[in-house]
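A.B. asks: Below you'll find the structure I mean.
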Amino acid sequence: MARYVFITGGVVSSLGKGIAAAALGALLQARGYRARIKKLDPYLNVDPGTMSPYQHGEVFVTDDGAETDLDLGHYERFTGRSANQQDNITTGRIYKNIIERERRGDYLGATVQVIPHVTDEIKNFVLNGNDDYDFVLCEIGGTVGDIEAMPFLEAIRQLGNDLPRNNAVYVHLTLMPYIPTAGELKTKPTQHSVKELRGIGIAPDILLVRADRAIPKEERRKLSLFCNVRESAVIQALDVPHIYDVPMAYHKEGLDSEVLAAFGIDPAPKPRMEPWQKVSDRIHSPEGEVTIAIVGKYTGLKDAYKSLIEALSHGGLANHVKVKLDWIESEIFEKEDPTPWLEKVHGILVPGGFGERGSEGKILAAKFARERKVPYFGICFGMQMACIEAARSLAGVEHASSTEFGPTEEPVVGLMTEWLKGNMLEKRRETGDLGGTMRLGAYQADLAKGSKIAEIYGDTQISERHRHRYEVNIDYKERLEDCGLVFAGMSPDGVLPETVEYPDHPWFIGVQYHPELKSRPLDPHPLFASFIEAAVEQSRLV
């Protein structure tokens, strides 16, 4: 039977509960255990699919097509386990399920209430599908004291009683701020956060305390006394230079040992930390540096590109180099010459996005990369803009555009009205709802033998995750290929273009899917490893 670790946060938000859960999952796996991580989000949206990147950051897409919280990306990258729809739930989805059941009469006329109906729905989500795992880690979104989080906290309180004795452990992540005028770290915010948690009925077993400097032993003893936690269970979580240093740092502080001790597991299997030590060594001892320009439209909030940033760093790890990112708002190129911005970079990446704003700047970035022979990686929207650039500049299609931007006489990119999902035909209308109406999740693609991308993958059949409504129009395939832009990857039915490339360019590849979602520090995605390798070669020419 699985054991459960519930991770809550206090004092302030954005302390890194997701990283803490992911790192703990990695540490348990390093000891040979099977770990699963779930995220419980208190917001009322059914999923983050229609939320603004500025509000929520990246939407992480799973193989089964779920649009989820970006923390699931951390879970996958740290543990290597692919997440699915059953690893993320929101208040919105819970209420939607309950209301649908009430309308069907499933509650047999009972008054539907937060307790027990909402809390039971949460508990069912936590407990379902865990037979193959030794540990299930559940991160509760938000901060203790938030009104939105109350049903979730009540549910995990109840689970502490529902589960067999010693099968639930509560980890509370807090902040210990340093007050410069007093010259000391303060314990009071953590004390009050734990008091709030205990008032709900949850007594934390472990305190994971964020701080920007070492916590003195006396302060740890104080937290132990006032928060009713063993002194050894007051774990300092100090700031580290890189997130992939976190597993080693938490292991050094004894987090995984303390969790296992709380479950009464003694002796515990010894961890195999060599892979994480290797990652840390490569991060801090690079053999060179490359600069990659990210030409995007959400550059003001880096969380909108979280998986992309991580995948580029994985490509750096594979090539023993540091990857420096140069963030460029694509709208700038609509007013200024791109040359001064791009002539010194070693690679250009145009990521996914939605809408017309900044699109012309991305087209100009693709043109610069093509003409100057700079490595170019176009992802989703970035591939579409590269195709529009080729149509305009090489194929003479002067008014080439996308129907996403409005009616056009030359729809090089258009709305997908139908596609195969398994054995079912999915259909969409231009005026349909936005939520859940994209081509989502893992789809297969066939790569042309002898193509550059097939060589990179080492295979001609791949499966990658998608998130898009618009697609390059197959009707323009012949004209674009006549100009040198090869459609090297297609959907198995030969209808949807999946990848494009210029064979005579050092490295110019566009993909309709999102390879960044499957990259891991211990297993970098081949496209990112190859892109950074090409950037290393370019760095010798600049």
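All residue numbers here begin at 1 and follow the chain in the order shown.
Each Cβ is built from the backbone N, Cα and C atoms, and glycine gets one as well.
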A.B. asks: Among Lys96, Lys222, Lys252, which residue does Swiss-Prot name as a further CTP binder in the site formed by Ser13, Asp146, Ile147, Glu148, Lys186, Thr187, Lys188, Pro189, Thr190, Gln191?
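C.D. replies: Swiss-Prot lists Ser13, Asp146, Ile147, Glu148, Lys186, Thr187, Lys188, Pro189, Thr190, Gln191 binding CTP, and from Lys96, Lys222, Lys252 it also lists Lys222.
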A.B. asks: Based on Swiss-Prot, name the residue from Asp71, Asp87, Asp106 that is recorded for the same ATP site as Ser14, Leu15, Gly16, Lys17, Gly18, Ile19.
C.D. replies: Asp71
A.B. asks: How far apart, in Å, are the two Cα atoms that lie farthest from each other among Ser13, Asp146, Ile147, Glu148, Lys186, Thr187, Lys188, Pro189, Thr190, Gln191, Lys222, the residues recorded as binding CTP?
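C.D. replies: Comparing all Cα pairs, the maximum is 31 Å.
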A.B. asks: Taking the centroid of the Cβ atoms of Ser14, Leu15, Gly16, Lys17, Gly18, Ile19, Asp71 as the ATP site, which other residues of that chain lie with their Cβ within 8 Å of it, listed in sequence order?
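C.D. replies: Leaving out the recorded residues gives Gly9, Ala20, Ala21, His74, Glu139, Leu173.
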A.B. asks: Comparing the binding-site residues Leu15, Ile19, which residue's C-beta has the most other C-beta atoms within 10 angstroms in this structure?
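C.D. replies: Neighbour-count leader: Ile19.
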A.B. asks: Under a three-state reduction of DSSP output, how is Arg469 (L-glutamine binding site) classified: helix, strand, or coil?
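C.D. replies: In the DSSP reduction, Arg469 (L-glutamine binding site) maps to coil.
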A.B. asks: Between Gly353 (L-glutamine binding site) and Glu516 (active site), find the distance joining the two CA atoms and give it rounded to the nearest Å.
C.D. replies: 14
A.B. asks: Tell me whether Gly16 (ATP binding site) sits in a helix, a strand or coil according to DSSP.
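C.D. replies: The residue in question, Gly16 (ATP binding site), is coil (DSSP, three-state).
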